[in-house]
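J.: First the structure, which I've put down as structure tokens, then a few questions once you've had a look.
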Amino acid sequence: QVVVPEEVFFTVAAAGILENLLVLIAVIRNKNLHLPMYFFICSLAISDMLGSLYKTLENIFIILCKMGYLTRRGDFEKKLDDAMDSMFILSLLGSIFSLLAIAADRYITIFYALRYHNIMTLRRAVVILAIIWTFCAGSSIAIALFSYEAATVIPFTILFPLMMFFILCLYVHMFLLARSHAKKIASLPTSTVHQRTNMKGAITLTIFLGVFLCCWAPFVLHILLARFCPHNPYCACYMSIFHVNGTLIMCNAIIDPMIFAFRSPELRSTFKKMFCC
């Protein structure tokens, strides 16, 4: 086993929770950020916080087991483990659907710029987020309770590449048509500025997606291998880096807020005001 020191786990997790909490506070305090795009970004921040919190609680659980305060097969420990698994699945599903919502929002911004505020209102954004989190919460509880059934594991693991493929197709379509769309609205006086801003948002989302894949895909692969080939020596070799894959999940919670801060002038300004009182 490749073991990551517990101090590293807690440090990375605390940093991820703190950074995403700052993003939530910044959006709440700045009324200029009360827009659908930033609501979806807050949804992604909450998902990242849940991922960091899950790994923190899991490590506390392991430490208590080593100290003899908890057993690995008791009824209470089983319920606690199910609750933590549910939190992990909720974090993963929340991140996937939040990224999908951000991608759809960017798509509407680029190709329906003149009608964007009529299509994506704050009320619709709130309804979309309510549907996403209701579905994710229900799915996470169901998957955690029946995680030992192949019929549950297979749809869960298939959902990850399926949603990523759908978002990727959305991206390809977005970038292929962006230039031709820009030509159609070139006669508008602010079209160049709007197009540049919209494409910057699309590039930011591309970075989000790349970071998400690099951080979450190894852990999802671990789940697949643990379910379908736990005794294969090659699978066992990969599963020995379980702690490293868990650390990558928490690194995702640290990197995402950095992308927000560096690529959003409004958020940068809000952070400066917060830190400088």
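The chain as shown is numbered from 1 upward.
Placed from the backbone N, Cα and C atoms, the Cβ positions cover glycine too.
TrEMBL lists 12-28, 35-54, 88-114, 126-148, 154-178, 199-221, 241-262 with the feature transmembrane segment. The domain 'G-protein coupled receptors family 1 profile' annotation in TrEMBL covers 19-260.
I'd like these features described in context: how deep, what's nearby, how far apart.
T.: Beyond the transmembrane segment (35-54), the same-chain residues lying 6 or more positions past its ends with a Cβ under 8 Å from any Cβ of the stretch are 12-14, 16-17, 20-21, 23-24, 27, 84, 87-88, 90-92, 94-95, 98-99, 101-102, 105-106, 109, 120-122, 124-126, 129, 132-133, 201, 208, 249-250, 252-253, 256-257, 260.
Outside the transmembrane segment (126-148) by six or more residues, the chain places 39-40, 43, 82-83, 85-87, 89-90, 93-94, 97-98, 101, 156 with a CB less than 8 A from a CB of the stretch.
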J.: Mind checking which residues of the chain, 6+ beyond the ends of the transmembrane segment (12-28), have their Cβ under 8 Å from one of its Cβ atoms?
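T.: Long-range Cβ neighbours of the transmembrane segment (12-28): 34, 38-39, 41-42, 45-46, 48-49, 51-53, 55-56, 247, 250-254, 256-258, 260, 267, 270-271, 274.
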J.: Where does the mean pLDDT land for the domain 'G-protein coupled receptors family 1 profile' (19-260)?
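T.: The predicted confidence over the domain 'G-protein coupled receptors family 1 profile' (19-260), as a mean pLDDT, is 79.
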